[in-house]
Amino acid sequence: MTTNTIQSTATENRLFTPSVNWSATAAIPDMAAYKALCDEAANDYEGFWARLARENLTWHTPFTQVLDESNAPFYQWFADGRLNASYNCLDRHVEAGRGDKVAIRFESDNGEVTLVTYSNLLSRVNKMANVLKSLGVQKGDRVMIYLPMSIEGVTAMQACARIGAIHSVVFGGFSAKALNDRIVDTGASLIITADEQARGGKNLPLKDNVDEALALGDCESVRHVLVNIRTHGSISFREGFDLHLEPLLARQSDQCEPVWVEAEHPLFILYTSGSTGTPKGVQHSTGGYLLWATQTMKWTFDIKPNDVFWCTADIGWITGHTYVCYGPLSAGATQIVFEGIPTYPNASRFWKMIESHRCSIFHTAPTAIRALNKSSEMDESVHPKNFDLSSLRIMGSVGEPINPEAWMWYYKNVGGERCPIVDTFWQTETGGNMIAPMPAATPLMPGSCTMPLPGIMTAIVDETGHDVENGQGGLLVVKRPWPSMLRNVWGNPQRYKSGYFPEELGGTYYLAGDGAMRYVDTTYFQIMGRIDDILNVSGHRLGTMEVESALVSHHLVAEAAVVGRPDDVSGEAICAFVVLKRTLPKGAEALEIAKELRNWVGQEIGPIAKPKDIRFGDNLPKTRSGKIMRRLLRSIAKGEEISQDTSTLENPAILEQLKQAL
Ligand code: PRX
């Protein structure tokens, strides 16, 4: 934990207040309403959350307890209440007469559209839940979901929730090795996958990766692999163990009584990178998580019955959990689910889809905005101005800091200076938005996620847990537990406690792991990046340690150090400094080895983890006590002059060698 690198970089002071013609009906119509909610939370914290939990969710057994802090930081919310997440996402809308409303407008990679109503989604979920039950899956069992963006993906997650099974979705771009790690850690009894996924006109393997993951060993817990046929690609099939999903679904009834689980029952485990060790299984609850997924749809996205909501995140990430699978459905919204990628068949795909689906709320990542901005500069025909984007009223940004230039481009060219941008700061661990503008109320500042949502007690503190002055950088913390926070690291309570609630800060503040500062004039938050060894590449979170471990597991590699450097499109790019178990390669040979190592990392973790730059050296810059000086490596990766003191280096000459790009 270090704050000494955090300095204010803030120079932004433009404020934008798009005049929207829907503010009168907005959930939070103005700053007075926002402030009233914040005051309510400050005056009666438990009463505030209890009210929201009653208003947003349908409880089978109403709760009488709100927050239980007796075993802090293992907090419990609404512990004696019972509910079911899939009931809240589906049945309650059907029971209220909204069964014919479209829940999902699915668009496939090649542009086919399938509409699924709430009634239809409910029967799909019930059939899938009955399949799971027929295979012996019970409450508390873990089910891995390794599926593309699809109706089946959402259905599988909801079906697990319906019977109280705990899902763990693995992003389809992760490798067999990453999948194996997660199967072993969760002890999953079932894997749901597809033959292949269709992305950008290509078919990519999924079932083959599952076979490979199982062959890596320690997967005795897995009893079956359920396979959905998407592309009819050729796959191997172990009779009796591998099962085709479709014929099993056809046999099942479309009725399935939900299992009423305790509010604290784990809804899912989602793996994310930490600064040390293997990825951690972030465990979320049912009641608290679903409450915030629903409430933030209303506050941050101002969801209304006629909206067409579109969050472009994959269900393999937390954004896809909260703002594809759970939030929009619990809020009873119509949403777009998209199988493909933003650049296929060309870089106007998003704009074309906003036009054809009449999308009103569009939520994506800065990396996509930057890439599409660049494409439209190179090719006028894919520029958003060629499309009718008048249906849009709110736009979101998530996953990484949005630089003011990208913000302005998005604001002007996509939103026509009419649509507020909600820059939402949050994390896998927080379950839902933490700091974000309220679209009808908060004046917007490019590059700032503005202010915390009502009830979220964020603060910026120094290394001893004391508040810092506005204008000063520090550690972003949340001072009070909130309902959608993670409940544990699966199977590793010690890692949960020491990683997120460090004793140095008093043991009860949640440490986000980001540096932040608040502007002096506006008290808006600016997120200044991770304080630990976590990288953010295109909004995807990766630990430097994970990439280093993958590199050193290659037979040629003796040692590796990985750092991030700024990148125009992906935000951050991975730069790896590698010492080989052989003489320093040169020219074509060096390029060849770098390519092999890149592919190796792709296989070990997934393509997103492939280093953009690889530099070879006879050694790494180390202090006399053997510690790698990463700060020097960061400067080299950025191509900066080295201004740091290098007098403690054991081997200063190595710096010149590492500066040589391949
Ligand atoms: O560093 C912050 C960055 O992404 C991290 C969380 O990553 P992950 O758990 O994968 O969740 C991403 C989607 C919620 C944070 O610690 N981050 C996320 N959103 C923003 C952000 N940084 C700046 N601004 C944001 N809006």
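Any Cβ shown, glycine's included, is placed from N, Cα and C.
For the ATP site, TrEMBL gives Gly399, Glu400, Pro401, Asp423, Thr424, Phe425, Trp426, Gln427, Thr428, Asp514, Arg530; the one candidate out of Arg393, Arg541 that the record lists there too is Arg541. In this structure, the binding-site residues that sit close to ligand 1, with a C-beta under 6 angstroms from any of its atoms, are Thr319, Gly399, Pro401, Trp426, Arg530, chosen from Gly201, Thr319, Gly399, Pro401, Trp426, Arg530. Helix, strand and coil counts under DSSP for the domain 'Acetyl-coenzyme A synthetase N-terminal' (34-89) come to 27 helix, 7 strand, 22 coil. Among the binding-site residues Gly200, Gly399, Pro401, the residue whose Cβ has the fewest other Cβ atoms within 10 Å is Gly200. Separation of the C-alpha atoms of Ser538 (CoA binding site) and Trp426 (ATP binding site): 15 Å, rounded to the nearest whole number. The Cα atom of Val557 (Mg(2+) binding site) lies nearest to that of Lys627, taking the recorded positions Lys202, Pro401, Thr424, Thr428, Lys627 as the candidates. Cβ proximity to the Mg(2+) site centre (mean Cβ of Val552, His554, Val557, cutoff 8 Å) flags the following additional same-chain residues: Ala550, Leu551, Ser553, His555, Leu556, Ala558, Ala560, Val578, Leu597, Trp600. The binding-site residues near Gly399 (ATP binding site), taking a 10 angstroms Cα-Cα threshold over the set Arg199, Gly200, His554, amount to none.
Its Cβ taken as reference, Ser538 (CoA binding site) is surrounded by 19 other Cβ atoms within 10 Å in the chains shown.
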